[in-house]
């Protein structure tokens, strides 16, 4: 879920803090990408529906390969444009997220029932809609994505807990310039810059939305803690919402009362019921001090692609087209060996006018530096896989 309604609220209230960009603008930038979010996007995007059947991208053996094909081609596209993606994977979800995870499980069950109902009624449109809501990416598929990225030479980071928090930590410690995710809570975790739509395919033709935390805070007048309180009040993954509190009421409430405590105290108890499980202090502390691997302990390295390993994994095991894989490897090598100019802002200090892309944000919070494992990075591109085949659900 991220933070419910935050994106639209920021467009309404702090439009100057959001910029629409093309992919090529991020030439030379290291971007920490929420891997789970990206993989789900690829799987859903490649899921089709034909003649009453769910259709997924598969190889000749019938194995689903959309997660690998999606990561392979989108990563190649980013590398072609000069980006340097760093993929960050979720670890163990925090206890605070248990209720949200149960809600997601229930929504998936509801979608399954709606799918069967639509099937009986012959409603293909509803069946396609519900089939996308039923998409789940298993642990084995995620491990395959990690294997592919390492063989490509792309850095892989395993977060101890939430990937967005680990991505934000990499930005805070200058290991990455921005976080790439659809979940707005990357801002609540303190990322100076956040990019949405980064992993969208060309077919969607949507510009990348670039959010700047320091400009959001400046335009809103919020402190970092007040911004976190706003995110909690809007609805996040760690506490239930207070029914009846919309985005603009939440904004005005934090502006007027200065804190979540004072705002809650002001509420009319006969009109608004604060859920018993509304442990907002725990949620606030988690945003301020998430469980992450300290950024300075993570070594980000982009490496040469392992051609032999890629052929073995993608062609021999996953039955991808060898020709397409080899072309992908060559694209990657071309991008890596190409002599390119560095970004000007890496060599000169640029005086900030009113709005500056590289502005520094005050970021709150320390980390609980617990048992995280940083996986060695690798870099490279891959080619796609097989053909579309019907997979009955």
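Counting starts with 1 at the first residue shown.
Glycine residues also receive a Cβ, built from the backbone N, Cα and C atoms like all the rest.
According to Swiss-Prot, the residue from 110, 237, 268 that belongs to the Mg(2+) 2 site alongside 183, 185 is 237. The Mg(2+) 1 site in Swiss-Prot is built from 90, 162, 164 plus one of 12, 34, 229, namely 34. Here the candidates are the binding-site residues 74, 185, 235. The one whose C-alpha lies nearest to that of residue 34 (Mg(2+) 1 binding site) is 185.
Checked against residue 183 (Mg(2+) 2 binding site), the binding-site residues 74, 162, 164 differ in C-alpha distance, with 164 being the nearest. For residue 162 (Mg(2+) 1 binding site), the same-chain residues lying six or more positions away in sequence with a CB closer than 8 A to its CB are 90, 91, 93, 94, 189, 290, 291. Residue 164 (Mg(2+) 1 binding site) sits 7 Å from residue 185 (Mg(2+) 2 binding site), taking the C-alpha atoms as the reference points. Per-class residue totals from DSSP over the region 'I-domain' (126-257), listed helix then strand then coil: 69 helix, 15 strand, 48 coil. Recorded residues residue 185 (Mg(2+) 2 binding site) and residue 74 (DNA binding site) have their alpha carbons 23 Å apart, per Cα-Cα distance.
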